[in-house]
Structure formats: C-alpha cells, structure tokens
Amino acid sequence: MHILIPAAGMGKRMGASHNKLRLQLLGKPLLAWTLAAVAAAEAIEWIGVIGQPEDFPIWEALLEDLNLRQPVHLITGGETRQASVFHGLQALPKTAEQVLIHDGARCLATPDLINRCAQALGTYAGLIAAVPVKDTIKIVNREGVVVQTPERDSLWAAQTPQGFRVEPLRIAHEMAVAKGWEVTDDAALFERLGYAVHIVLGEETNLKITTPSDLPLAERILQHRREQEQDTLG
C-alpha cells in the first residue's frame, strides 16, 4: 500500500512561525510520531511526505534518524492541502492502484487503524476513518440563528487515513483544478464524482494537532501508551 502524508501546515493557530510538524512532542517532532506509526503498519510499502522545500533538510535528517524500512519520498506540495495532495498523486509510482492519505498532524493514529484502512481498500473504492459524533450539532444561518438540528445518529466526524483507488481520485483532482472546486478533504472530491465513500471506524485519540491546547493532550496520550507498553513488557 502507498501512503501520502501532507506535511506543509504552517501552524498559524498554533502560534508558530514555522511548520507545526516541527514542534516537539515528548522530545520528537510531530512528524516523527506520524511516520513511526505509518512505518509500523505492515500494509504500508511506500511513503510520500508532501511538504515545502525549506523543510526538506529537516525532514531528511529526521528520516536518517528514524531509519524506516520503507522508502520515503519527499514531494513538493502546493499552496493548499488540496493542491499538495494533487502533487502527491502525480508523484506516485505508475504501478500504484490504491493510496491512503493521512494528515501529518494526526500523529496519534495507530498502526492498527492504518492497517484496517488499507485492508478495507480491498473492498471499497473510497473510504475514510471516522468516529460517531457525540455532541448535538446545530446548523446555523449567517445571522447566528439555528435553522436545523440534524439527527446525531447519522453524523460522523471525519479523520484520516482516507483511502481511494488512485485513478478516480486523480480524475477528481483534475476536475477540481478545471472547475475551481475547493474542499476540505479528498473524500468530498470523490463524492462529487458520484463514488461511494465508506466508513472505517476511527479512533477517539486520533486527534489532529491544531491548537496549543492539543499538545499537552497528545503528550498525555503518548505517555499513557508508553506506560502500557512497559507494563506489557515488564
């Protein structure tokens, strides 16, 4: 399985002046945790990290330290996440038939989740990791007035990995460029072409590191996992 990792986020909401994936989490850059989880997933055979050239020397040094078993390719991204994924699709090997796309900032995803998404691509043309929404969601108009309360049973919070067959996803991105479509995830493009996108149960801990308050929470989750591993070994 091939996987693309968008890793060009500037982290404005983190208050950082540089790529937020360079921020430290228990002594390692955020991206190191993401890459370690991806590399530990048995299904993954090829990794593409999509970023900006100014970060590449840092990522190259990181990759040397990690010494992952899979080949890792650094791919120059675009001005938006959507454009970056489009660039990543162009960089896939010609033999790639399926691809997972996983946000670099989701550094808490487990190898199990990544493997389950890869396995599900054997059945589905498109899928996303997602979890049921716990809160009641309100649809609000521009005046700040609630206009609808959707049934919570039908609402899921999208995560990554998201997985697709390569050719229809590439076509969807080409159409997006031609028609000026702008979406927040790749599944939305897939849906616009009429393809079904299936749900793979995600993980409550699969947070996207977005604001400063996410960092201490991520540290607690990772520390808890370390303690569990030590208890298992000990």
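Glycine too: its Cβ is placed from the backbone N, Cα and C atoms.
Annotation source Swiss-Prot lists site 'Transition state stabilizer' at ARG13, LYS20, citing sequence analysis. The site 'Positions MEP for the nucleophilic attack' feature in Swiss-Prot is assigned to ARG152, LYS208; the stated evidence is sequence analysis.
Counting every protein chain shown, the number of other Cβ atoms lying within 10 Å of the Cβ of ARG152 (site 'Positions MEP for the nucleophilic attack') is 12. If you take the Cα of LYS20 (site 'Transition state stabilizer') and the Cα of LYS208 (site 'Positions MEP for the nucleophilic attack'), they are about 11 angstrom apart, rounded to a whole number. For the pair LYS208 (site 'Positions MEP for the nucleophilic attack') and ARG152 (site 'Positions MEP for the nucleophilic attack'), the Cα-Cα distance reads 22 Å.
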